[in-house]
Amino acid sequence: MAELMSGFGCFTHAMVRAVPQSLARDALRSGGLEVDLLKVQEEYEEYVSVLKHRLGLEVLELPADEALPDCVFVEDAAVVCGDTALVCRPGAQSRRRETEAVKAALTELGLNIVEMTDESATLEGGDVLFTGREFFVGLSKRTNQRGAEILADTFKDYAVSTVPVQDALHLKSFCSMAGPGLIAIGSSEAAQKALKIMQQMSDHRYDKLTLPDDSAANCIYMNLPSKGDVLLHCTPEEFPESAKVFEKLKDHMLIPVTNQEKAKVDGGLTCCSVLINMKKNI
Amino acid sequence: MTTEVGSDTDVKKEPEKVPEVQQQTDQPDEPADSAASASADQPQEESQSAEAKSDQEASPSPEPSSPPAAGGQKKEKGISRFLPPWLKRQKSQSQDKPDESSAPPKQESVEVVKEEQEETNQPKEEVDGGGAVTTSTEQTEEVKEVREESRAEELQPEEKEREEEKSIGSADTQPVREEKEDESEMEEKEEEKKEEEKKEEGKKEEEKKEEGKKEEEKKEEGKKEEEKKEGKKEEEQVIQQEASVLSTLKVNKKMKMVVCHVTLLDGSQFSCEVEKRAKGQYLFFQVCDHLNLLEKDYFGLSFKDNAEQRCWLDVTKEIKRQIRNSQWQFVFSVKFYPPDPSQLTEDITRYLLCLQLRQDIASGRLPCSFVTHALLGSYTLQGELGDHDPEEHRLDYISDFQFAPNQTKELEEKVVELHKSHRGMTPAQADAQFLENAKKLSMYGVDLHHAKDSEGVDIMLGVCSNGLLIYKDRLRINRFAWPKILKISYKRSNFYIKIRPGEAEQFESTVGFKLPNHRAAKRVWKVCVEHHTFFRLVSPEQPTKTKFLTLGSKFRYSGRTQAQTRQASSLIDRPAPAFQRTSSKRISRSLDGAPVVNVSDYSQADGAGENSPALELNSDSKSQQVEVMERPNADAATSITSETAFETDGAGAPQRKSKLRVQGENIYVRHSNLMLEDLDKTQEDVLKHQASISELKRSFMEATPEPRPSQWDKHLTGSPATTLRLQTHGVPQNTPPRPGTDSRDASKSAEVKPEGNEVIEVVEETVVIEEVVKAKPKSSTPEASVPVETEVKEERSLSSDSESEDEAEYHAQPPSTSISTQQIKEEPEEEQEAELSQQAPPSAIESQPSAEAADPGPAAEEEKAAQPHEEERTDKPLLTPDEAPNGHAPQGEAPPSPQTAAADEEEPHIVNGSASRVETEHLPQVICCSEPPVVKTEMVTISDTFAAQKTEISTKEVPIVHTETKTITYEAAQLDGNGDGEPGVLMTAQTITSESLCTTTTTHITKTLKGGQSETRIEKRIVITGDSDIDHDQALAQAIKEAKEQHPDMSVTRVVVHKETELAEDED
């Protein structure tokens, strides 16, 4: 029976984008750290491999664009929910053009494309948390109210609540969905505050999975036909304490994925892909 | 309009007759001082006339003339009347109390009048025009009621009524009647309810007959006037004639029938003849019968008021009164959207819900994505047409259906495609599927109202089953679940919710929103009350049965709650009724009709915003009119300043009944125990209440043992009025765990009013009341142990509008510091906590500063004693005020001596008294000088729209006007143990400015930490703006009284009266 808002975490496709050489030097970062390009590429390949081979997703890989050092973080370029894709307007000027290739690819997939034409609006996918029942949009340096409004107009079925984001690049820098109704959240004050706001704003109840490290709270949940609950999360090498927390999720198929190098340019696990469900639900 | 003219003339006439009537009516009810009443009579008249004018929005011209004349008198009386009313209270009152308790708390005749007017205003504003005009009978009714109690026979009252009518001259007394109308209305309604219910059970016809002559007479009169408004000339003539003959002819006019047209959910019309006096219930049941609907509690009837706003028909009230002059045209629609439609018992109910949702979707009120439109549309097709039939169903077969606001070919194709996939699904299944999907939509069942936040930004308030949602554009920016909301209230065009402190927060906060107008605010409030009751409570709260109740809006949802209706529907035992689906009736029509309906329905949700302008005119017009009228009077330049310093005990304050009414208005307290309704309660009830209150306290106070119950008990057990008071007060006081810190944001956004009152306002009176709060035993809250100083500054401009008084409530809670800014509060809170832990002995009455440790028992006694004392006090203050006015005391500070002495004497009795002493001295200077004449204050609404963000803005504009200003300050002579001089550590400081049409209230709440003790000082500045039309003295007295009542824990340490009069130059 066709039903709205069902099948959270069901994905058939993943869109990724290759790592440009320019990332090491030009990618935006808050930490000012040196980035080992090779390691980034290794991580990327591992990431893609997991999606493609372990999980069996259809991986759509876009070529890197040297003019867009951050283009690997494709998540920020589009928000896909159901059969509708909202092409974002990144708050970072240097990233605006990332959306072009992404839009083309999404169009190719046959999704309904919605573009943000409002020049005053900014929105990056990293600020958009979709819980399955509603959206939370972080109001950050990269995303503004107008951007959130457009997202709300695009996905009319869902409540769209805004959450101020402080001390972090994106909303999903410290949180993500770790399962249906389960929010993975960092321990920092900013993260906890954001969680409180989200809880207050929501008509739905969420469980929370609190992780010692904010960055570790960025994980990828999927519900795949043959695999059940799948969770891509940080490695013990990176965040030993947080990894232990993930390991308590007995029902999940846990897949640690290295993200150490990309984290230096503020990249999380979710940042590197746009997950799409092309299976006709309705 | 013709009618209104008539009323105007009536108004003029009234002054003469009114006093008599009032006295008659008042005597039973109001034991208040003779002096006050005497002085009050004129004010009453004036206020009445003013009110009447304001009420009768349409008829401004004639009225103006009357007020000025009265105004002149006022001024003379002016200051003399100042504090008198409440100060004057004499022991005789205490004796009278029993009466008071039974009757609405009326301390001052003037107050009573105002409040009554307020009430009347509300109903009128809300619903109907009829109320204002209707009256001659009603007035008498009130009297009747009083007498009825004693005699319990209706006949006698009737006779009396008639007698009175005759004596009074029926038609002329209208204004008076208006005032009483509220009460009488309420009473009437209740009576009628009972009767009608009985009748309804029986036969309708009988009903009418049974009503009895008296009711009929009353009704008849009401009808007559109403009819006049309706402009039915035929009836008018008859009525007028009757009116002249009144009592004799009334009987003949029973049972006028009116045809109601109801638009049903399928777009069809249902017509039904009802008696003109019929209550909404009758019509509603007729419709439900017609629909064969049993689970009717989710539905309601709505109508468009004069301003084209959608209003829900209150089934417990007369239709006529609600629709006023509007057409007898109604729309049947879903009022409460069941969160889980699958729990509905009958398919027919689900079907009706589907019809409603189709409308909602087609009209755009329920936004959907393309896919959702398609899916829901496909279920609609399946439900209406059955399986897709390729032969019969070409593409155009769906052209009659509207699936979306903007239906595209693409959408239709998608709908058809999906329709095909539903093969085999029964209509009931299709409906169920439709609902299962529709219910997930974020805007499902959300009743939207336009509003503005603190910065004047347009937002939407969404009332739904879970609570209140705040939207900006399509974004949800905040949400207040019912469990988080402690109190809902509205004042003027502002709507407030009081928020339960979160885990991390220790203080309540109040969030205010600016609605386009008063009606809109009330509408939101009502919808909230209804939704909360329906979805959150197991059973509705008991409606007030007090006959004499004068509390503002007693509105409560009286229907069944969802829980009850579910239970009831579980008992439904009938074969599933066969019902026609729209398709079978008329396929195309069903959806076509919808849009039409939508308009009306939509207006409900959106009405506040869109139509608001029109509404504004209505509500605002009142104020405007009043102001205009006032101007001429303003010319007389009289500057009088009188300052009065007096102490007030918290204990004493609570007992004042007048205050209760004020608070009662518009305030909906979440906990049924605390509801205002229970004036009539018996002792047992009271005890129950007490118990519940104590529970509340416990819950609020986290482990803090119950504070001395004795006081509460006493209050509760006291007169019914007292009970009310407690209930209202109780919430605020008890709720805030650490009262000291709580500050509320009653912020208001700039008012939209076109009037530009600022310039117009001629005479201003500023009353600054400083109250020192001592740890009150009453306040069970831990803070009680901590001495708290509170200065309350209220700026209030008294307008004819009674509702302005509501504000008091918010301010009233000294402990509550609005913490829209969580950050600010956090620090203070922590400190307080520490103190609390130490000092919060459960039973102990803590007034540390005072060093008076009163045991619970004694405290109670003290309270009793306190009343008399208060009365004494009041008298004393009177003296001072009198002096001041007479002398028109120049700015010099009037020697507080008399008062002080009184205060001292009283203090021993008063529990809190000691505390009051402390602050008194300091305050005066600060307050007096600080406030320039405030002509108008921009309203700023502080709302927590962003959890993380808070903004307070207050702007004062001082218009350039030639004025005379005099200021007199009275200080309580008592010395402070703590000495205000001590700088202390500033913990928090807040300034709250709220404004309504005619009222500007500025509250400064300052919290300081002195020597380990936290003090809360509340300065309230009340600006009373208006001409001589307004009885400033009375207003002042009222304001002071309210301030005292609001902050029972605090004492008033200083009163600065600043009177500014516009000079003759301005006369134009």
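Each Cβ is built from the backbone N, Cα and C atoms, and glycine gets one as well.
Just so you know, TrEMBL annotations are computer predictions that nobody has curated.
The candidate list A:R54, A:R89, A:R95 contains one residue that TrEMBL assigns to the substrate site with A:L28, A:D70, A:E75, A:D76, A:R142, A:V265, namely A:R95. Residues A:L28, A:D70, A:E75, A:D76, A:R95, A:R142, A:V265 are listed as the substrate binders, and the farthest two of them sit 15 Å apart at their Cα atoms. Among the recorded positions A:L28, A:V265, A:C271, the residue whose Cβ has the fewest other Cβ atoms within 10 Å is A:L28. Annotated substrate site A:L28, A:D70, A:E75, A:D76, A:R95, A:R142, A:V265; additional same-chain residues within 8 Å of its Cβ mean position, judged by their own Cβ, are A:A27, A:F73, A:P90, A:A92, A:E98, A:E124, A:G126, A:L169, A:D266, A:G267, A:C271. Looking only at other Cβ atoms within 10 Å, the busiest spot among the binding-site residues A:D70, A:E75, A:D76 turns out to be A:D76. Comparing Cβ neighbour counts within 10 Å across the recorded positions A:R95, A:R142, A:H170, the minimum falls on A:R95.
Comparing A:L28 (substrate binding site) with A:H170 (active site, proton donor), their Cα atoms are 13 Å apart once rounded. Cα of A:D70 (substrate binding site) to Cα of A:C271 (active site, nucleophile): a distance of 10 Å. DSSP assigns A:V265 (substrate binding site) to coil, not to a helix or a strand. Within 10 Å of A:C271 (active site, nucleophile), counting CA to CA, the binding-site residues A:R95, A:R142, A:V265 contribute nothing.
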